[in-house]
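Copied over from Swiss-Prot, here are the features:
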type: DOMAIN; residues: 4-119; note: domain 'Response regulatory'
type: MOD_RES; residues: 53; note: 4-aspartylphosphate
type: DOMAIN; residues: 159-349; note: domain 'CheB-type methylesterase'
type: ACT_SITE; residues: 172; note: active site
type: ACT_SITE; residues: 198; note: active site
type: ACT_SITE; residues: 293; note: active site
């Protein structure tokens, strides 16, 4: 049976365009002109995913999102003109349960949607597979062991030649919250960190600024030539590749170039460069996300002597990228999200 998608948007043009795009991909599409109509339709038949605008009459999209997540969580993809450059609204949507964001221009919407059809279908299909309970488990602290219990021994890590120099992290769907959990747990003197998170162009700058306010380490959008230093995390800019080179230390390289593994930025680009440049001094981490970007790169890191970690299925919103890495034999450890940070700290000791 085809997944059921509910498109909630007050624009008839957008509803028609999205219905055609998703319908051609074999998805069953229902539409609603605003959230109140959507709630009535959801009472009759629960959708597998919702594509949601933000600015609508009678009830705005964020209020509707909060209600959906509180009452009967359904995977939501935000597709809105407000989800553009520097948008606090898009960050709010992701923090309150949306699994992904598609930015929509205010002019030429129909043409943009048609040009972006492949990404829209990919994101919405991934949303239908998202496990929102996994997101809750990932954000919940691990239970404390009972009094008197023997502490669990730290995992035995592969021998490392040289010092702990660089942590590289890749994520896609569900990754914004996973990255927050990971980076908030890092101490001020954590090893240098480079991050690729699949998200729209320019949106990454605001995402990095938000993380910087929450974390003890510095978090910023990477610029070409930035130094990768202890206590700093660099986030790949949207629509640009991030790699690393050695020039009197580790340096970020931000570049154009064709998509790799269907993505720009690509996790594979970052991981392959880290394997070449830092090898055994690297820890590679592949978090929740759709597709297989990063799986080959994580395997190359492991072959180069790096320690490698994949997020487990129980805490992944979409168990795509980590699953592919595990299938390739790329992961030394498979861990729930709350234990990934402790693995970083154990490795860095």
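Just so you know, glycine gets a Cβ as well, placed from its N, Cα and C.
Predicted, not measured: the structure shown is a model, and the values here were computed from it.
With the fewest other Cβ atoms inside 10 Å of its Cβ, the least crowded of the recorded positions 53, 172, 198, 293 in this structure is 53.
Considering only the recorded positions 53, 172, 293, the residue whose Cα is spatially closest to the Cα of residue 198 (active site) is 172. In this structure, the CA atom of residue 172 (active site) is 21 Å away from the CA atom of residue 53 (4-aspartylphosphate).
The CA atom of residue 53 (4-aspartylphosphate) is located 28 Å away from the CA atom of residue 293 (active site). Per DSSP, the domain 'Response regulatory' (4-119) is made up of 52 helix, 23 strand, 41 coil.
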